[in-house]
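What TrEMBL says about this protein:
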- CYS116-CYS122: disulfide bond (DISULFID)
- 85-506: domain 'Peptidase A1' (DOMAIN)
- 315-355: domain 'Saposin B-type' (DOMAIN)
- 379-420: domain 'Saposin B-type' (DOMAIN)
- 1-24: signal peptide (SIGNAL)
Amino acid sequence: MSTTIKTSLLALFLLFILSPTAFSSTNGGLLRVGLKKRKTNQFNRVSEHGLSMEGTDRRNFGFYDTLRNSEGDVIVLKNYMDAQYFGEIGIGTPPQKFTVVFDTGSANLWVPSSKCFLSVACLFHQKYKASRSSTYKKNGTAAAIQYGTGAISGVFSRDSVKLGDLVVKEQDFIEATREPGITFLAAKFDGILGLGYQDISVGKAVPVWYNMVNQGLVQEPVFSFWFNRHAGEEEGGELVFGGVDPNHFKGKHTYVPVTQKGYWQFDMGDVLIGDKTTGFCSGGCAAIADSGTSLLAGPTTIITQINHAIGAAGVMSQQCKTLVDQYGKTIIEMLLSEAQPDKICSQMNLCTFDGSRDVSSIIESVVDKNNGKSSAGLNDGICAFCEMAVVWMQSQLKRNQTEDSIINYVNELCDRIPSPMGESAVDCQTLSNMPNIAFTIGGKTFDLTPEQYILKVGEGEVAQCISGFTALDVAPPHGPLWILGDVFMGQYHTVFDFGKSRVGFAEAA
């Protein structure tokens, strides 16, 4: 199954400076992976890493590190300014240490190879040396993973993988022999350990997590994340294999079933700005819980409304305003005549097919792309603006707004459309005036306050505030899609229940 997610998620990656050290202990088949964080005054944008080989893909990475004891086997994670979380593993016998991203948005393990000679990025990271491991087994099958801003290629190998005190035997992984570009050059992590379903695994390699379960290394087929969002504290969070740590959540988890195995995908309900519904997901949207994405990504239509509410600056306003000036009144008239909203843009010949709303294809779905064709690709922006305008105008008509007020409102939203890379800046002095943003999951409302969804970089007069929301459009039938990254998971302790195919959220403690 082709499983590509090609996100253009900014993530404003703050320059990776952690050199993790791991310690660990196990308890009744539970491994706790603890996270630590360290401050720095520089940051680097590493746009999404859309993982794909033969069609697999990804986005921005959160990173993790160290291990600590609790009610299970826990890996302590390191946190860099709430944007990166990472941890340490060992590969081979004796273990060769690597810093990796524990990523629920991919399913392969890869690290740089000692045979990586021509890529500068390999010079700055730990490299796996097969000759130094007594448990190494040659595979040699070629592998390539294409990211949104970079790529790696290499060969599969097999060896033991150590996570804390647990040792996974005969694990297939990729030795990266090429890491072209700058994506991985500045990264403080060496590789990625995917925790997604095997459906999206490059080469159909059995993921590390599957082998942990199959080899009886964990007490329960469950793992859970806690991200510490207090950047000044030493402990950055933890990843628990085999259960949950009750010290890091309040109350009970709200569980929703996994609807599409590959990524940890589930159905999400409405999105609220303040106490008002956006209406866009009233019929349901898909969502992915993704530990490897720093920000929270959603359809441009809604992200623009959020940007308007929080005063975030956008850079794509002129095209949008031109559309509103030329076609705004016609759209309103068609809506009032009860024309089908999802057919209006095609009826005006602004879209090339008679489809449904929000068909931008910045990101490909988690399943085979075999249904329909996007009408709003990067070279068809007018269609995308039309579709957004229809949604915005429809919501205002439901509130009995006048034509002039609707046109003015939509023009204001045009000023808030995110840049092509999704980034949006806000005034740090206005946080107290910003609304809460809420998501409905499993019938429960999960709120994010401005302090929780705004990333603050620096202090005092030089401080910069970045919106934690970034635009991402997925074509139907797989979209609209939201990616709930570290901005969301930092506020809500997240359980990935592999045994019961469900995801759970509870307030973090």
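Cβ atoms here come from the backbone N, Cα and C positions, even for glycine.
DSSP places the residues of the domain 'Saposin B-type' (379-420) in helix, strand and coil in these numbers: 29 helix, 0 strand, 13 coil. The Cβ of CYS122 (disulfide bond) lies under 8 Å from the Cβ of PRO112, SER113, CYS116, ALA176, GLU179, each of which sits 6+ residues away along the same chain. The average pLDDT computed over the domain 'Saposin B-type' (315-355) stands at 83.
Residue counts for the domain 'Saposin B-type' (315-355) under DSSP, split into helix (H, G, I), strand (E, B) and coil, are 27 helix, 0 strand, 14 coil.
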